[in-house]
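As structure tokens, the structure follows; a few thoughts come after it.
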Amino acid sequence: VRSRTIGELLAPAAPFDKKCGRENWTVAFAPDGSYFAWSQGRRTVKLVPWSQCLKNFLLHGTKNITNSSSLRLSRQNSDGGQKNKPREHIIDCGDIVWSLAFGSSVPEKQSRCVNIEWHRFRFGQDQLLLATGLNNGRIKIWDVYTGKLLLNLVDHTEVVRDLTFAPDGSLILVSASRDKTLRVWDLKDDGNMMKVLRGHQNWVYSCAFSPDSSMLCSVGASKAVFLWNMDKYTMIRKLEGHHHDVVACDFSPDGALLATASYDTRVYIWDPHTGDILMEFGHLFPPPTPIFAGGANDRWVRSVSFSHDGLHVASLADDKMVRFWRIDEDYPVQAAPLSNGLCCAFSTDGSVLAAGTQDGSVYFWATPRQVPSLQHLCRMSIRRVMPTREVQELPIPSKVLEFLSYRV
């Protein structure tokens, strides 16, 4: 089934403009669904109110040039009553942007640094932050509502390839870099760097928090997939199975599954609590042997994202296709054409998939809509609070145990 196109945000191209440097390496939706952001190349990040963006697609058709008057919103006054009203921002980050992440605060989540009484920033519950990872190794933190620069985090020595905020509202930020390290920052402590996670022998491509913020997955070159305990900042285990660089990862909404995408043409679905591979989604048939999977091919998988219903996974590959998979099927349930895709992300409500391309544009598709069964909803509720080991100790029939463990 071909996925239905929702809209496009096309990067304006000047005559004789070289495409190099215009890559859209990252797209992101705000946790509350208020904003959509993408890196349009040339140091630029664009922030648009998501509801207004959808409305423009309905009013003006699917295509939009991102600097057209139809997308630009009227500027509000900066008084207290209007300051949090969503409006469009164009941010010049000063260098090529490789990664983006939205973060929102929960006041009762205190900074982990308890010795410092004075802080430059006191992030409230109505605050929304955008972190941008740059080519020069810097991380810049912006106020989404005003577009102002708040913090400049300097410690990485190479490209900051990915960023992720802890979902618990603590404003703990983790950055993955080509300098082979992951760094943990506490934005409630004015961006103090808390920890350096070492273990990768090569570039780190991507990182993702589990939904309860207790676990972090990081992936990189040389087939590396690492799981970290984020309470103790120790490595839990290394997952073995891929045959080439692993470039993207994402947890399921209940934390029971982990999806990883690799240049070996495969997406694996793991049980992060045991390290077992539960499913394999292949993008080349027949699948390449380990020798050939380690080389160049036209099926490199670039990105993977878990849907918020816990049933679907989206993947982007170099064969010019976007695929939607069900976790209980070994073939795509929907697909759509996309040339030169680099990254993808589901909207907050899971109804739309956004994908960025090498020319700085973004394309949107309607995702497969399916009412989850009551069984699946119960499974997700249980798995949110129970790891695999505790589930396996339950005195329940083996079939129910297999279902709760995502093995059927």
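Note: Cβ is positioned from N, Cα and C throughout, glycine not excepted.
Taken from TrEMBL, the feature domain 'SOCS box' applies to 364-408. Over the domain 'SOCS box' (364-408) the predicted model carries a mean pLDDT of 94.
Within its own chain, the repeat 'WD' (123-152) is flanked in space by residues 28, 30, 32, 34-35, 37, 39, 45, 47, 78, 83-84, 86, 89, 91, 93-107, 158-163, 165, 171, 173, 175, 177, 179, 185, 187-188, 190-191, which lie at least six positions past its ends and keep a Cβ under 8 Å from the stretch. Taken from TrEMBL, the feature repeat 'WD' covers 123-152 (among others).
Annotated repeat 'WD' per TrEMBL: 153-195 (among others), in sequence order. Taken through DSSP, the repeat 'WD' (153-195) splits into 3 helix, 24 strand, 16 coil.
Residues or ranges marked as repeat 'WD' in TrEMBL: 197-238 (among others). For the repeat 'WD' (197-238), the DSSP counts in helix, strand and coil order read 0 helix, 25 strand, 17 coil.
For 239-280 (among others), the entry in TrEMBL reads repeat 'WD'. Across the repeat 'WD' (239-280), DSSP helix (H, G, I), strand (E, B) and coil residues number 0 helix, 22 strand, 20 coil.
TrEMBL lists 301-335 (among others) with the feature repeat 'WD'. Residues 1-3, 247-254, 257, 259-263, 265-267, 269, 279-281, 283, 341-346, 348-350, 353, 355, 365, 367-368, 370, 372, 376, 380, 406, 408 of the same chain lie 6+ residues outside the repeat 'WD' (301-335) yet bring a C-beta within less than 8 angstroms of a C-beta in it.
Residues 3-11, 13, 19, 22-33, 36, 38-42, 50, 54, 57, 303, 305-309, 314, 316, 322, 324, 336, 338-339 of the same chain sit 6 or more residues outside the repeat 'WD' (345-365) yet have a Cβ under 8 Å from a Cβ within it. Annotated repeat 'WD' per TrEMBL: 345-365 (among others), in sequence order.
Under 8 Å from some Cβ of the repeat 'WD' (239-280) lie the Cβ atoms of residues 205-212, 215, 217-227, 287-288, 290, 293-295, 297, 299-306, 308-310, 313, 315, 317, 325, 327, 330, 379-381, 383-384, 387-389, 405-407, all in the same chain and six or more residues away from its ends.
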